[in-house]
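K.L.:
The feature site 'Transition state stabilizer' is assigned by Swiss-Prot to Lys37, Lys257, with sequence analysis given as support. Taken from Swiss-Prot, the feature substrate binding site applies to Gly72, Gly73, Arg94, Asn197, supported by sequence analysis.
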Amino acid sequence: MKQQEPLETSFANRIAHVLTEALPYIRRFKGRTIVVKYGGNAMIDDHLKNSFARDVVLLKLVGINPVVVHGGGPQIGNLLQRLGKTSEFVQGMRVTDAETMDVVEMVLGGLVNKEIVNLINRQGGAAVGLSGKDGDLIRARKIRMSQPLSDAPEIIDLGHVGEVASIDPAVVDMLVNGDFIPVIAPIGVGEDGCSYNINADLVAGKMAEVLKAEKLILLTNTQGILGRDGALLTGLSLKEVDALIEDGTISGGMIPKVRCAMDALRGGVNSAHIIDGRIDHAVLLELFTDQGIGTLLLRR
């Protein structure tokens, strides 16, 4: 009879420690909703994609309700380039004419969304892909941007770029209650019936607020919020975040992410996390370990 080789004691002890450390967090979050904004390198690297899918499935299996909102900017840019269409950006936002919006819907609502659904389902989950147009989930409002000039501001038409006007969570609630994992593409529909591309961070934040989520998790390509010395700031209050924005410590592309998280907290979400999606099993490490791996934001 072939005998199984015994696990090395130190390795077995580490496994036991990880499981016991996770137990109180699993107990605390059971039955709660956690909204995860999925983007950055975690969507590009094959190993990280599978790691993320396993994390989401595990959350569901232990009784937590994950809701995934995803981006897809690089994928949109790649397809536009292949089609010979140049992307124009104004203050970080892609100018989106009707033809570009067709590509955005094709990439976000089709290619990217269905790839994520397939990844989760292959890991044993039951994911269902949605865009904000399904079940009238996301109502959008066209963004109108002004650019300061010497005399009067210039009004810039970004085309089919929107913000969240309202969210009707009925279809998401139905899926969660049916033990499915919703995967949402950030496309909304306006009062004019047109489709609008919406920043995925904003959609995730509003979704967390409307669903009365326990947590909002934003996956990024950085460790989290960094101090002036480059060290990770592991925990911040809203007041502390305001001060860091004011003194320039938080700057650039991190500001809209942080503001989105702050709005979610003010809207009733218990905590928000900005974490490094380049780390294997980042979601589990942030949720189920005492130390975490990113920046935890709290209302206090």
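Think of each number as a place in line: the chain as shown, counted from 1.
For all residues, glycine too, the Cβ spot is worked out from N, Cα and C.
Given the structure is predicted, the values throughout are model-derived calculations rather than measurements.
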K.L.:
In Å, how long is the longest CA to CA span across Gly72, Gly73, Arg94, Asn197, which the record gives as the substrate binders?
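P.N.:
Comparing all Cα pairs, the maximum is 12 Å.
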K.L.:
Could you measure between Lys257 (site 'Transition state stabilizer') and Arg94 (substrate binding site) for me? Cα positions, answer in whole angstrom.
P.N.:
17
K.L.:
Could you check which of the binding-site residues Gly72, Gly73, Arg94, Asn197 is the closest Cα neighbour of Lys37 (site 'Transition state stabilizer')?
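P.N.:
Comparing Cα positions, the closest of these binding-site residues turns out to be Gly72.
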K.L.:
If you count other C-beta atoms within 10 angstroms, which of the recorded positions Lys37, Arg94, Lys257 is the most crowded?
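P.N.:
That would be Lys37, with the highest Cβ count within 10 Å.
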K.L.:
For Lys37 (site 'Transition state stabilizer'), which of the three DSSP-derived states applies: helix, strand, or coil?
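P.N.:
Its secondary structure by DSSP: strand.
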K.L.:
Could you list the residues of the same chain, at least six apart in sequence, whose Cβ is under 8 A from the Cβ of Gly73 (substrate binding site)?
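P.N.:
Same-chain residues close to Gly73 (substrate binding site) (Cβ under 8 Å, separated by 6 or more) are Gly39, Arg94.
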K.L.:
Other residues near the substrate site, CB within 8 A of the CB centroid of Gly72, Gly73, Arg94, Asn197?
P.N.:
Gly71, Ile76, Gly77, Thr96, Val104, Val107, Leu108
K.L.:
For Gly72 (substrate binding site), what is the tally of other C-beta atoms lying within 10 angstroms of its C-beta?
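P.N.:
Around Gly72 (substrate binding site), other Cβ atoms within 10 Å: 25.
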